[in-house]
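Among the features that TrEMBL reports, transmembrane segment is placed at 12-28, 40-61, 73-99, 111-129, 141-165, 177-205, 230-253, 265-285, 291-314.
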Amino acid sequence: MHVPDGFLDTPTSIGTALVAAAALAFALKRARSEHPGTRLAPAAGGVATFVFAAHLVNYPIGGGTSGHLLGAALAAVLVGPGTAIVCISIVLAVQMLLFADGGATALGTNVLLMAVIGVLVSWGAFLFVRRALPRGIPSIVVAAAIAGLLSVPTVALALAGLYAFAGNTPVDGGMLFAAMLGPHVLIGVGEAVITTAAVAAVIALRPDLVYGARSIPLEPAVATRRSSAFALQAGTVGVTVLLVGGIAHIASGHPDALERVAGDLGLVDTGLAVVASPFAGYLVTQLGDSWLSSTVAGFVGCAAVLAIAALTRLTADATSSRRAAPLRL
């Protein structure tokens, strides 16, 4: 669902970028309050890297169309909404800069849609369902699933609304909304399944690390299970390696839902890519179109996401420490 350069008119691209920047600044501040007394979101780098790796895997939804994990609900439940917005924004920035996935002039639009709206809708749905169900771990998993299910079609409809208002190709609004909703509901089902599996796995190993489960009383010994912490870390690394080096190579090659709708309705971008990305198409040019080429590119992306997440965390920690330090005269 990455918006390319020239898909929306210039004023809308600028406006969405400004809103996204303001939301991201607030999210950074919120992220520090989500994890008081600790280094900012120790798991954020792992979550962001997993989401990036999962974006490489498109699964078929029928009709020659595919979809992939959005990750907004998963990140929000695991590390909190503020931190999740930061995580998804980092992923989108790396995808644009290194892989030409999403336009440079549309980065603000993509952050607003997939990071800000995606996370806020997910978190709101999660809280609503969690409070409506009996208190307990099963309710957390069910709420996460519903959040994932709703997040994708909501973001798709938000994009349809933007395009109907400011797209560079005239289109019937009702037809566009209908065309975007159908396939993205199916992708939302996949989102719910993946989110459920991931949240359930983390809860089974270290429920104390799940932000959305903080209201659930836990055994004191749970937080000190070192073997479970190691299993979680090893599992995250293992799944990421499997996604990048294995599953991504057998994933669906069909266009994603936005590409399919754009082709069917004649929606076009009117500009060329602004940034020359070194790994465009998730390939290393010197290695050609091969398993090694896409695997190396995928791991470069994972490393970039992890590094930026760590740098963001260190910068936020340093800023927080300076603010907390007593004034010396």
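We count from 1, first residue shown onward.
Placement of Cβ uses the backbone N, Cα and C atoms for every residue, glycine included.
Please treat TrEMBL annotations as automatic predictions, because they have not gone through curation.
Tallying C-beta pairs under 8 angstroms between the transmembrane segment (141-165) and each of 40-61, 73-99, 111-129, 177-205, 230-253 places 177-205 first. The transmembrane segment (12-28) makes no contact with the transmembrane segment (177-205): fewer than 3 of their CB pairs lie within 8 A, with pairs spaced 6 or more apart in sequence. Count of Cβ pairs under 8 Å against the transmembrane segment (111-129): among 40-61, 73-99, 177-205, 230-253, 291-314, the largest is for 73-99.
With a cut-off of 8 Å on Cβ pairs spaced 6 or more residues apart, the transmembrane segment (73-99) and the transmembrane segment (291-314) reach 3 or more such pairs and are scored as touching.
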